[in-house]
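Q: One structure is given below, represented as structure tokens, and several questions about it will come after.
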Amino acid sequence: MGREEGFTHWIDLSASVNINIYAIASGKSYSHILQFTVCLGQLYGCLVYFITAYLDGFNFWTSPFYFWAYFIGANSSWVVIPTMIAIRSWKKICAAFQVEKVKTK
């Protein structure tokens, strides 16, 4: 990652974290949309990471233990947690639309 990419990454990361914390803590109506968006970005990054490793032939692993403990085990939380948050936020967003639909009838 180049210096510019790293700088942009940290600016984006800190902005998304701070905005999300503010939105969640203050109960803003857009908090679930932000959470869903950030989770999709994280899942996209994981997908790129795993696909890149696959296309390179998993050349970085020296033993099956390293592959399962590091590549799968250590990285699984970066997939599982955002997936759970995205599902929860998606359900909240859908529920809000259903309530709005009932109000307008």
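Using the three backbone atoms N, Cα and C, a Cβ is placed for every residue, glycine included.
Note: TrEMBL annotation is automatic and uncurated.
Sequence annotations record features per position, and here TrEMBL assigns domain 'EXPERA' to 19-89. Among the features that TrEMBL reports, transmembrane segment is placed at 33-55, 67-87.
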Q: Taking residues 6+ outside the transmembrane segment (67-87), which of them lie with a CB under 8 Å of any CB in it?
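A: For the transmembrane segment (67-87), the nonlocal Cβ contacts are 35-36, 38-40, 42-43, 46, 49-50, 53, 58, 60-61.
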Q: Please work out the helix, strand and coil residue numbers for the domain 'EXPERA' (19-89) from the DSSP assignment.
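A: Secondary-structure breakdown of the domain 'EXPERA' (19-89): 58 helix, 0 strand, 13 coil.
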Q: Give the mean pLDDT for the domain 'EXPERA' (19-89) on the 0 to 100 scale.
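A: It averages 89.
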